[in-house]
Amino acid sequence: MLIEALEGDVTVVYCNAIAASVQIEVEPVGRWFEAFLKRRNRNVSASFQELEEEEELSEESEDEELQLEDFPLLRTLDPKDWKNQDHYAVLGLAHMRYKATQKQIKAAHKAMVLKHHPDKRKAAGELIVEGDGDYFTCITKAIEILSDPVKRRAFDSVDPTFDNAVPSKGEGKDNFFEAYAPVFERNARWSSKKHVPRLGTMDSSFEDVDNFYSVWYNFDSWREFSYLDEEEKDKAECRDERRWIEKQNRAARATRKKEEMNRLRTLVDTAYSLDPRIKKFKDDEKARKENEKKAKADAKRKEQEEKERARQAELDAARLAKEKEEEEAKLVAQQAKKEKEIQKKAIKKERQKLRTTCKNWNYFGDNESDSVKMMEDVEKLCDRLELVSLQSLNEGLALGSKEEGKVAVEKQVQEVNAQLQKEKDAEVQARQAVRTTVQASGGGGGGGKGWNEEELPLLIKAVNLFPAGTNARWEVIANYMNLHSTSGIKRTAKDVINKAKNLQKLEPGQKDEINKKAFEKFNKEHAAVPQTVDNAVPSERFDGAEANTASWTTEEQKLLEQALKTYPVSTPERWEKIAAAVPGRTKKDCMKRYKVSWTLSLILRFVVSIPVCMYNLDDMSKL
């Protein structure tokens, strides 16, 4: 036995005496390292062999201390029904069961053999049943099952003492942890993974609870039910029968496995629905989301308020800027008005001065006719000359003699007359250009034949009657013109399109000229029609009293328009009701007035920009 190692000592090896002695450090490895750790933990110095012997002695002492429980019904067991027996109870390990080690199982079997072997009992004078009919066969089957890891797992899977019950919702509602914690600990033995988390307490964190249910919802059970196979394939007489037995056994195992997984799933679902921590976490999460939602709403509200304040500030700034601009514009306008008034007064003063000067010199004439002519020229100068020109002219008149003044005035008159002549010539040229353009725009269709003044209004009317979207619009417009035109020229769709494009390119003044001519023609044609006595028999539409030839007043026109709106086309006896609504007018008067108004509205649709006041509805009653 080595002496006890002192603290701080190191292991040294001395080499051959021939070489110089050198002290080196040696680190133990392998089983020597294990012995070193045990020796250090126990604070002793011992060899590895001594530690092994000590372990063997401790194991033997544990075997000696193993307590076996007697199984009173052992002698009454039927060896032929060994599959339904409790093998742990047969070996006296009912109190340890699946926690028993292989050494403990062997030790228990050894003790049971020494006590119940047939030779031992026979030597003691006990009557022994020959063959496999003795209960000792049950001990043999027990060690056979429990010593084989595969067979033992199969037996443990169907442990007859295991409680498969799942607490109901009523049982775990009030005392959840007391009801479900033992159940989960009991079923944790079937897990293929080690360290299955416990149910915990009410103070467990969210991570622990989430991890617990995650493990159990994905629980991988090693439990299998091959021990309950009703048929043994080893007893099959042929290969087909053995396959059939295997097929039946696999189906039975799958069914029991499915039932087991449903049982575990029911356990987890029920626990999850009753777990007060889940409800607490959900309430906390709901409160958190509500707080976040409220905070978000508050932030959004604040943002809206900030935007509204900024917008209001911008509006106020824009309003102030606008007021400032308006004030400045007002001041500028007032200043311009003052300047204009000053200039107006100055011009008025200069004009009066010019008239007075010319009047004093008798308008530079020797007789009355020359004076009158010069007076007209002076008034023309007053109307045409600007302030600067008037001032310059008055200064020349004030400084010069009468003859010089007359020359200056005549010279100024000549310049004004020349300017007026230029303006007149320019106006004449513009009218001539308009007339030329209108005549030139008449060409381009109908086999090279121009468009007369009758066809242009007819084209405008047709374009308004058949708006965009009409099927085969331009063919319809061309047919309409060919049907109503008196020129005899047949227009095609291409001619109509080209002419419509040319009309769109005209200047506003040119369009006014066309409309004016059309209206003048219309007035001329209808004004030339003499009044004749209508001896014809009135149609059914105008049956009734004699028509009132008096002009329509504005009040009667308003009453007619209101009656037309009140009684639509679908109203029975419409015109009788309309006539009753207009005092002093018959059904014939109202219908005739409506016809005239409708005709005028059609004319206004194609005669563009002609004021309505140019038409007299009473004159149109002759249509």
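Every residue gets a Cβ built from N, Cα and C, even glycine.
What TrEMBL says about a protein is an automatic prediction, not a curated fact.
Noted in TrEMBL for the protein shown:
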| type | residues | note |
| --- | --- | --- |
| COILED | 34-64 | coiled coil |
| DOMAIN | 86-159 | domain 'J' |
| REGION | 283-311 | region 'Disordered' |
| COILED | 406-433 | coiled coil |
| DOMAIN | 451-504 | domain 'Myb-like' |
| DOMAIN | 544-595 | domain 'Myb-like' |
| DOMAIN | 544-602 | domain 'HTH myb-type' |
| DOMAIN | 552-602 | domain 'SANT' |
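Residue counts for the domain 'Myb-like' (544-595) under DSSP, split into helix (H, G, I), strand (E, B) and coil, are 30 helix, 0 strand, 22 coil.
Sequence-distant contacts of the coiled coil (406-433) (same chain, six or more residues past either end, CB-CB distance under 8 Å): 358, 361, 364, 374, 377-378, 380-381, 384-385, 389, 393, 396-397, 400.
Each residue of the region 'Disordered' (283-311) gets a DSSP state, and the totals for helix, strand and coil are 29 helix, 0 strand, 0 coil. Helix, strand and coil content of the domain 'Myb-like' (451-504), in residues and according to DSSP, is 35 helix, 0 strand, 19 coil.
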